[in-house]
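Below are the features listed in Swiss-Prot for this protein:
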type    : residues                   : note
BINDING : CYS23, CYS26, CYS41, CYS56 : [4Fe-4S] cluster binding site
Amino acid sequence: GTNASMRKAFNYQEVSKTAGKNCANCAQFIPGASASAAGACKVIPGDSQIQPTGYCDAYIVKK
């Protein structure tokens, strides 16, 4: 499922508009079964459709 209210609060985008910044390289992202599969996010609970290509205001580069 998705968490529409939290997505809106963090201005989540399915495809990042910022080069080099996306869910796949964010510390908050919980990867799915493969590199291109949808995953989850530590700051958007109850959402299993977070795209690795996505981006939101909670982005923190993975160290």
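Backbone N, Cα and C define each Cβ position, glycine as well.
What's the neighbourhood like for these features in this structure?
Within the same chain, the residues at least 6 positions away from CYS56 ([4Fe-4S] cluster binding site) whose Cβ sits under 8 Å from its Cβ are ARG7, PHE10, ASN11, TYR12, GLN13, CYS23, CYS41, VAL43, ILE44, listed in sequence order.
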Give the sequence-ordered set of same-chain residues, not counting CYS23, CYS26, CYS41, CYS56, with Cβ within 8 Å of the centre of the Cβ atoms defining the [4Fe-4S] cluster site.
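My list of surrounding residues reads TYR12, ASN22, GLN28, PHE29, VAL43, ILE44, ILE50, GLY54, TYR55, ALA58, TYR59.
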Name, in the order they occur in the sequence, the residues of the same chain whose CB lies under 8 A from the CB of CYS26 ([4Fe-4S] cluster binding site) and which sit 6 or more residues away.
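Those within reach of CYS26 ([4Fe-4S] cluster binding site), by Cβ under 8 Å and sequence separation of 6 or more, are ALA58, TYR59, ILE60, VAL61, LYS62.
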